[in-house]
Amino acid sequence: MQFSIATIALFLSSAMAAPYSGNSNSDSYDPCTGLLQKSPQCCNTDILGVANLDCHGPPSVPTSPSQFQASCVADGGRSARCCTLSLLGLALVCTDPVGI
């Protein structure tokens, strides 16, 4: 009896110690890894990298650099960008996403 209790306790403790990865993919694509430029955007007009006009979030969650760029191009010929601040279609301080 004691052996089975010890065995059960061992299995439970090892199961509780195992890291939970959930449904996330460890190789998932994060297009905006900069310190400030954390907001992925699809923009029409770039003004010297300081301001971008007619911007909004990508139509789908980016899974790769080519998919992010293709989804923005398909959404009215926009460019994939990573911006610091976006409000009402105006995005400020934008850079190119990782891999593009």
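Any Cβ shown, glycine's included, is placed from N, Cα and C.
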For Cys32, what is the disulfide-bonded cysteine listed in Swiss-Prot, choosing from Cys55, Cys72, Cys82?
Cys82
How many Å lie between the Cα of Cys55 (disulfide bond) and the Cα of Cys83 (disulfide bond)?
10
For Cys72 (disulfide bond): DSSP state (helix, strand, coil):
helix
